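Worksheet: the structure to be examined is printed underneath.
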Amino acid sequence: MAVSLPLVFTAPRRGMPPKHLADLDSAERREAVKELGLPGFRADQLARQYYARLEADPEKMTDLPAAVREQVGAALFPTLLTPVKHLACDGGDTRKTLWKANDGTLLESVLMRYPDRATLCISSQAGCGMACPFCATGQGGLQRNLSTAEIVDQVRAAAAALRDGDVHGGPGRLSNVVFMGMGEPLANYKRVVAAVRRITSPAPDGLGLSQRSVTVSTVGLAPAIRKLADEDLSVTLAVSLHTPDDELRDTLVPVNNRWSVAEVLDAARYYADKSGRRVSIEYALIRDVNDQPWRADLLGKKLRKALGPLVHVNLIPLNPTPGSEWDASPKPVEKEFVRRVLAQGVSCTVRDTRGQEIAAACGQLAAEN
């Protein structure tokens, strides 16, 4: 039985990692380079090495004078994440990486290859304070926020691994990034938004992915959703709703006690209107808990009323977690749920589940060494 944990919005005051180039915007980069006594053009040069060439080791930056590489490395390229181990499944198409941060904190990212794309699922916090009882990350509690650079470096490392053919399937290109790993992204708001800008800005300011290929998920921090809408980004917003009624959601997603289903959907509509993007509604289907036909009908009705055509439901067969008494709904129940949501005029599909065997699927990340 899952133990009821308190909600934690503010991360413990643990020391953040040393400053890294990826923490800095272009003006801050120039200032940092000037402080090292180097000419201003080195700022963009270093950024191109990191973002365009995916190089994080100044010793390998051949356009940088050998005499200053050590100094630059110490000041702007501290080692943030060290891989502890890689686990693969799905014929090698899914790879989970356990990372150790500078202070020993553990976190995970998951790279998934498909015939037409490669998607990286990244963490924004070590652990999570949202306390959802069916999620292994939420049951582990919150250790600390990740820095902007720790978030970005997960992406750079995956892009480099794909480019170099270090993952199954040969050389490839990273096409999508989803903030669906460990943590509640909007509880680490400032650093996550900065990371999104680094991931999507063209070189020398970032990795150059399209904003439309980035998804930011949330359990429903309504004020932060509105704030994100006002950033004028065109990333996809994914809301982990999991049930359409407040009574059950208060238990399944404890943050609902702070912001109700109606408030979350109002904020999601504001995001859809501002961004012009369809909102994704995530719904983990749990046997005999939230899979009843009436809940499917209510979900469809509420979403159609709140979001009209600007919504898509992703049904997720519940992934097993240690100690949980819950499991996935039977396939016929899942099929009927989809049919009923569609009957309300709302787009709905079942998500392709990857990584169950290596605890890399949605809700399974626990960063266990």
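Even glycines carry a Cβ here, placed using N, Cα and C.
Straight from Swiss-Prot, the features:
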- E108: active site, proton acceptor (ACT_SITE)
- C362: active site, S-methylcysteine intermediate (ACT_SITE)
- C128, C132, C135: [4Fe-4S] cluster binding site (BINDING)
- G183, E184, S217, S240, L241, H242, N319: S-adenosyl-L-methionine binding site (BINDING)
- C121-C362: disulfide bond (DISULFID)
- 114-351: domain 'Radical SAM core' (DOMAIN)
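Here the CA atom of G183 (S-adenosyl-L-methionine binding site) lies 12 Å from the CA atom of C121 (disulfide bond).
On the 0 to 100 pLDDT scale, the domain 'Radical SAM core' (114-351) averages 96 in this prediction. DSSP assigns E184 (S-adenosyl-L-methionine binding site) to coil, not to a helix or a strand.
Of all the Cβ atoms in the protein chains shown, 31 others lie within 10 Å of the Cβ of G183 (S-adenosyl-L-methionine binding site). When the CA atoms are compared, the recorded positions lying within 10 A of E184 (S-adenosyl-L-methionine binding site) are C128, out of the candidates E108, C128, C132, C135. Taking the Cα atom of each, N319 (S-adenosyl-L-methionine binding site) and C135 ([4Fe-4S] cluster binding site) are about 9 angstrom apart.
Within 10 Å of its Cβ, the residue among the recorded positions E108, E184 with the fewest other Cβ atoms is E108. The Cβ of L241 (S-adenosyl-L-methionine binding site) has 26 other Cβ atoms within 10 Å, all protein chains considered.
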